[in-house]
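Colleague: One structure, as structure tokens, below. Some questions next.
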Amino acid sequence: MPLTPSATRDLLAKLGHLPKRFLGQNFLVDGNIVRKSLELAQIAPGDVVVEVGPGLGTLTSALLTDGAEVWAVEKDRTLHAHLEETLVVEFPSTFHLLEGDAIEHPLAALPADRSAPFKVVANLPYAISTPWMDAVLSGPLPERLVLMLQQEAAQRYSASHGSKQFSAISIFLQSAYDIAPGHKVASGCFYPKPDIESYLLHLVRKPAPFIFSPETKALIRACFQQRRKQIGSLLRQNIADSAHVSAWLAVLATAGLSPQTRPEDIPAPLWTQLSGTTQ
Ligand SMILES: C[S@@+](CC[C@H](N)C(=O)[O-])C[C@H]1O[C@@H](n2cnc3c(N)ncnc32)[C@H](O)[C@@H]1O
């Protein structure tokens, strides 16, 4: 698989394919980043791995060569066809490739009987990273994820309460995963070079991960859409049952937080307790 900008350019020319910006087609061309991704994911022979957007197959071929069983979903028809003719032929029993959208198939159609345990390794198309992550957090949960992300998304996912980046996705993610400090990745590691900063983030599932119900997720999202408002009025505005509102406020009071607190100042672990009061 191509690992230099010129080899990538040549392969794209051979395929008659121009990288599509709207599909986030910035292909990895740096062997160190590929190795680092596999190392962080602790890939061992026999591991089941989901990949979103295999593209020209750079990460995919390293995963397959290291003995992983890969389930991948690629939206681009030309790239999907190229992989069908190359890696699917080379690894017929360990490479499972789906042509489709990762938002509809966040785990690349990984069957339930192959999903315990599994990992995710992906150089994500940046436009879908948060909706895809949100879909993955509905479970079954990967034990480990190594993700190439836009720096801004990586900061949002790992943000602490009290910061501007702290948001609903920070809460959902941090309630299920421990997030290791990420690595900044230079734009020269991709072809074509992206005009945004990239970050390699590494997430490890918590021993007792918390999955929010769809109703509680919607409520938390509604609170963060008006993040400058006070939690007391946000709860009254979004919950019809006043007993629920009182129960949530009582949990906050136990933690020393008043109804005047803003959503961004409530720590992630408290939101999981608040969630319990609605069930
Ligand atoms: C950043 S590139 C990564 C390519 C390759 N994995 C690499 O590291 O070189 C993102 C890939 O995701 C694919 N893609 C974009 N949107 C997608 C979607 N909604 N579902 C599945 N694949 C998608 C693109 O076609 C592209 O191949």
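Count begins at 1; order follows the chain as displayed.
Every residue gets a Cβ built from N, Cα and C, even glycine.
As annotated in TrEMBL:
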BINDING   ASN26, LEU28, GLY53, GLU74, ASP101, ASN123  S-adenosyl-L-methionine binding site
DOMAIN    33-207  domain 'Ribosomal RNA adenine methylase transferase N-terminal'
Colleague: So the record assigns ASN26, LEU28, GLY53, GLU74, ASP101, ASN123 to S-adenosyl-L-methionine. If I measure every Cα pair among those residues, what is the longest distance in angstrom, as a whole number?
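Modeller: If we measure all Cα pairs in ASN26, LEU28, GLY53, GLU74, ASP101, ASN123, the largest is 20 Å.
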Colleague: Under 8 Å Cβ to Cβ from GLU74 (S-adenosyl-L-methionine binding site), same chain, six or more residues apart: give me those in sequence order, or none if nothing qualifies.
Modeller: GLY53, PRO54, GLY55, HIS80, LEU83, LEU97, LEU98, GLU99, GLY100
Colleague: Check the domain 'Ribosomal RNA adenine methylase transferase N-terminal' (33-207) for me and report the mean pLDDT.
Modeller: 96
Colleague: Determine, from DSSP, whether ASN123 (S-adenosyl-L-methionine binding site) sits in helix, strand or coil.
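Modeller: Its secondary structure by DSSP: strand.
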